[in-house]
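K.L.:
So TrEMBL lists the following for this protein:
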DISULFID  72-82  disulfide bond
DISULFID  170-180  disulfide bond
DOMAIN    3-101  domain 'SRCR'
DOMAIN    106-201  domain 'SRCR'
């Protein structure tokens, strides 16, 4: 048996999929809650659950629906250790999903649109700013592309006003900043830094 998350932006968010007897299938969102999602996140070494989703939020899966009315208490080692209904009355429009704490997502805030502003990252359940100590054209380029905003036009700097701080260092163009080296809430490299900001040349949502 195996477990994975599909349809998300990283391996730590997405539609919950289970492999059973050689076939991948999905989990129904009936009674799907944080305790169930916590077991999934921990089993995948993705931390804990920060959001639970139903109604095929990460797209509809295919194959059999292998779990319904999942009833984890939250301490189980595997999702299949939790009680579940033997039969289901679901369709794939009810596929369950989860966002785990180790997933990272980004936004630019305070600018004219979603392609300009202060860089903020959602990680471990909270929004944080990004230290500009190692924030250069390459890091900005990775972010602008990830957001579908083209390439960076201009670097900005702001104050740190959120509780957490993230630092990124990219060696080459990557699919997202999470693929670069990163450190979270380490004070030394962020000491005397400002919060990074960027204006990308695309226009955002």
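Cβ from N, Cα, C; glycine included.
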K.L.:
Please report the Cα separation of residue 72 (disulfide bond) and residue 170 (disulfide bond) in Å, rounded to an integer.
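P.N.:
About 39 Å separates the two Cα atoms.
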K.L.:
When secondary structure is assigned with DSSP, how many helix, strand and coil residues does the domain 'SRCR' (106-201) contain?
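P.N.:
Across the domain 'SRCR' (106-201), DSSP assigns the residues as follows: 20 helix, 42 strand, 34 coil.
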K.L.:
If you draw a 10 Å sphere on the Cβ of residue 180 (disulfide bond), how many other Cβ atoms land inside?
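P.N.:
20, counting other Cβ atoms within 10 Å of residue 180 (disulfide bond).
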K.L.:
Quick check on the disulfide-bonded residues 72, 82: which one has the highest count of other Cβ atoms within 10 Å of its Cβ?
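P.N.:
Per the Cβ count, the most surrounded site is 72.
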K.L.:
Give the number of CB atoms, excluding that of residue 170 (disulfide bond) itself, located within 10 Å of its CB.
P.N.:
21
K.L.:
Based on DSSP, tally up the residues of the domain 'SRCR' (3-101) by helix, strand and coil.
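P.N.:
Summed by class, the stretch gives 16 helix, 32 strand, 51 coil.
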K.L.:
Check the domain 'SRCR' (106-201) for me and report the mean pLDDT.
P.N.:
93
K.L.:
In whole Å, how far does the CA atom of residue 82 (disulfide bond) lie from that of residue 180 (disulfide bond)?
P.N.:
36
